[in-house]
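Here is what TrEMBL says about this protein:
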type: ACT_SITE; residues: 167; note: active site, nucleophile
type: BINDING; residues: 195, 196, 197, 198, 218, 219, 220, 221; note: substrate binding site
Ligand code: ASP
């Protein structure tokens with residue numbers, strides 16, 4: 001079954017006019033990441049490549065296009081994890097970097113820490129030669145419009161989160177059986193300044209272990225953190241459940257126990273994979289044996305040859 005790459009573009013509700021671009025973006029990201037897997041690239045190279053492509057695509061809530069916090073600013077969270085050694089790196093509430101996922105990888109590779117936050121993360125970025133970009137260059141008209149709408153006194157906080165575009169994430173198994181995950185987000189719309197979501201927290205916004213599998217979640221971060229969603233799914237897999245059954249059980253638990261909706265992409269060490277979500281939609285794409293798999297609504301699963309450009 002090996003190797004495989006599975007990518008998501010966020011759980012939630014995607015406004016009609018943005019559906020096509022959301023689906024195209026995850027397919028482009030999976031093609032980019034999969035080409036790494038087919039070359040000399042590792043699972044880690046593939047997930048970072050896929051997430052970087054999605055951070056650069058303004059249709060997603062990560063990197064360019066991130067949602068704004070209550071003050072109208074961009075603060076982003078990102079995580080990577082390498083299933084060989086349980087090595088991980090994350091950044092939280094980081095500002096003015098175009099690709100938080102690459103900074104998270106540097107935290108993993110170049111420090112003895114797992115997570116750097118706020119100004120400390122920015123200082124580390126500077127010390128690594130990561131260019132600082134103007135905050136304005138990460139903000140889209142769409143993000144500003146959503147922010148303003150949510151500031152209105154009569155705004156419905158639940159409804160307002162619905163139109164927000166997706167967090168992005170990826171999981172992969174490479175030809176050597178190594179497993180990795182990556183997740184990146186601008187977080188929840190109009191969040192408080194300094195809010196750290198699930199994405200930066202190991203076991204919540206991502207987990208990878210060569211012995212069990214990998215998960216990249218998306219959804220309401222506070223709910224994901226309460227149930228440590230990524231690790232909960234791997235726990236069920238350790239008990240013998242398939243990736244799909246484990247994901248369904250954990251998502252149902254999150255809904256019942258704390259009322260949270262979300263979605264996940266999951267792989268196991270054999271290269272079996274699964275995409276499950278309790279939200280209305282989640283744009284996703286996967287590549288294995290030169291077949292591209294993709295879908296948006298529950299139960300949707302289309303396939304085509306990976307070289308098919310349409
Ligand atoms: N989990 C993200 C967060 O709470 C948001 C999302 O996945 O849509 O920051």
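The backbone N, Cα and C atoms fix where each Cβ goes, glycine too.
Because TrEMBL annotations are produced automatically, they should be read as predictions rather than curated entries.
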Check your understanding: Counting Cβ atoms within 10 Å across all protein chains shown, which of the binding-site residues 198, 220 comes out on top?
Key -> 198
Practice item. Can you see whether DSSP assigns residue 220 (substrate binding site) to helix, strand or coil? Key: coil
**Study point:** Other C-beta atoms that fall within 10 angstroms of the C-beta of residue 221 (substrate binding site)
**Key:** 27
Check your understanding: Measuring Cα to Cα, how many angstrom lie between residue 196 (substrate binding site) and the residue listed as 'active site, nucleophile'?
Key -> 14
Check your understanding: For residue 167 (active site, nucleophile), which of these binding-site residues sit within 10 Å, Cα to Cα: 195, 197, 198, 218, 219?
Key -> 218, 219
